[in-house]
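A.B. asks: Swiss-Prot feature annotations, pasted as is:
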TRANSMEM  22-42  transmembrane segment
TRANSMEM  58-78  transmembrane segment
TRANSMEM  89-109  transmembrane segment
TRANSMEM  128-148  transmembrane segment
TRANSMEM  195-215  transmembrane segment
TRANSMEM  223-243  transmembrane segment
TRANSMEM  256-276  transmembrane segment
């Protein structure tokens, strides 16, 4: 047992409240991510044959559809039973729970619609946008951390793991099959876990942004950047999932692979197809 585990920082997840309305840090992170995407897109608008107003329209509706799709995807993929017993659960976005894969589908619908409306190829638009998506992903993962959700798997042999108050129930269940960790639990009343939200922030936010923007500097055929994004995100997500605690209602499939990893495999395969067929 180590004595260097990190404590989850104590703070109020609510920034301020006015009557029944409360502004949460979680939601603010998504807005900051969207702001950076919007700001960067306007600065880069000359890279695509669309004016600033059209780019703004695409981004506003893509962001809205990403939120809707992300929430619906989360409920469908991870909380199917919950919606039957508590239909209003889908609207409680401040409690966390967004699916990237659902959000991606929502954004694709918006981009497809505007590609037809503005007579601009779908992959021209998506290639223009994907180098900026890591802004949203990175800040979204910070939001997950602030919300104290999506924590990692138990690890007592690594100093920079963290004690998450929200993991208490899962820690108790984990002890049933791992009684040798009882002394750790007795001392901290929690089990140390990987800070998987910050791992994902680095992989899906910082590293993905750097790689995509390096490749974008060299002229690529249409569809190439979109394919590269799908391959890289899918690969980084698969890596991160090995450190992230599987959703308790789903667990690991075949005792090894998570749902997030399964959903990422088609992304990688389609990304390869896009790159091979890019023109």
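The count begins at 1 with the first shown residue.
Placement of Cβ uses the backbone N, Cα and C atoms for every residue, glycine included.
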A.B. asks: Of the stretches 22-42, 58-78, 128-148, 195-215, 223-243, which racks up the most C-beta pairs under 8 Å with the transmembrane segment (256-276)?
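C.D. replies: Between the candidates 22-42, 58-78, 128-148, 195-215, 223-243, the best contact partner of the transmembrane segment (256-276) is 223-243.
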A.B. asks: For the transmembrane segment (22-42), what are the same-chain contacts with Cβ under 8 Å, counting residues 6+ beyond its ends?
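C.D. replies: For the transmembrane segment (22-42), the sequence-distant neighbours (Cβ-Cβ under 8 Å, at least 6 residues beyond its ends) are 13-16, 52, 55-56, 59, 63, 67, 93-94, 96, 128-129, 132-133, 135-140, 142-144, 146-147.
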A.B. asks: So which residues does the transmembrane segment (195-215) touch in its own chain, when a touch means Cβ under 8 Å and the partner is 6 or more beyond its ends?
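C.D. replies: Residues packing against the transmembrane segment (195-215) from afar: 6, 130-131, 133-135, 137-139, 141-142, 144-145, 149-153, 160-162, 225, 228-229, 232-233, 236-237, 239-240, 243-245.
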